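Structure, as structure tokens:
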Amino acid sequence: MKIPAMMSLLLVSVGLRDGVQVQSYSISQLDIFSQETPLDMAPASFDDQYAGCLADMTAALPDLNHSEFQANKVYADGWAQANNQWQERRAWGSVWGSLPPSPPGFRDEHGVALLAYTANSPLHKEFNAAVREAGRSRAHYLHHFSFKTLHFLLTEALQLLRSHRSRGCQQVYRGVHGLRFRPAGPGATVRLGGFASASLKNVAAQQFGEDTFFGIWTCLGAPIRGYSFFPEEEEVLIPPFETFQVINTSRPTQGPARIYLRALGKRSTYNCEYIKEKKCRSGPCWLGSSAPGSISASCSLLLLLLFLVLSALPENPGLQQLTRC
């Protein structure tokens, strides 16, 4: 959506004010047509990083992708469009030149996934809406999230592109239409909740929204210019698990809310959920915790009970093997 000239002037002229501006403001066109929503840690977001299961997920993709095509027409159509574009670019290049050198491990599926996400189609909107809700429970992800393949491929693609990048963190800009975000205030820790498109160019980001405008210092986002349907936008894609600190915000009477974020790190609730479920269907298994590196509640309770029992018995080396969990 193109921003009217007056709105562009507002975006340029609105300065960063100290602290959160709390005031009563008059109803404007933005207030009528935009929705206000909190900017927080997005607890319902599906944030799997696939740590330790990249090879297993890659092996599972053919069957998984086929089943998701059948269940999700928007995804199937978007993928077909992107695949045609990818094959065309591989054969002939594009009006912006040939494909960029790909990092080691980058496959055709990664390129198609990035093209599908950036295409002018309903896919990216439906996908991100589903990502923001799929983490409400493990069962919801397994049984109701029909974008598992796309989520994995985008996550891995960003990891590969980021590792291939010469510089680390970078300043990007993000414009949002239809939502006025409300952070808790300076110092709060937040996540963007889905795969967030931003741009290296301030002006390009302004074209995408007039309700909230972000200035973001990201360390996990990766430039995807060479894999986008619209390379001139200089897009940087930020994964849903990157965490940020709110540096400052402003809420002018008219014009966009402005929010400035600085990268903190990453945080995930889930890890390798599809592979855990797949392995459990084929035989007995222990799932443990979704969060990598943590101990499950059942294991902790078992260890406590065994400790109490063993402490009341004479020392027996054979019993020590029971404490493994």
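Any Cβ shown, glycine's included, is placed from N, Cα and C.
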Per Swiss-Prot, cysteine bonded by disulfide to Cys53 (from Cys169, Cys219, Cys272): Cys272
Sorted by sequence, non-Tyr117, Arg174, Ser228 residues with Cβ within 8 Å of centre, NAD(+): Thr118, His124, Phe195, Ser197, Ala198, Ile224, Glu233, Glu235, Val236, Leu237
Annotated NAD(+) contacts Tyr117, Arg174, Ser228, maximal Cα-Cα distance (Å, integer): 16
Cα separation, Arg174 (NAD(+) binding site) to Asn65 (N-linked glycosylation site) (Å, whole number): 30
Residues near Cys219 (disulfide bond) in space but at least six apart in sequence (CB under 8 A): Gly168, Cys169, Glu242, Ala263
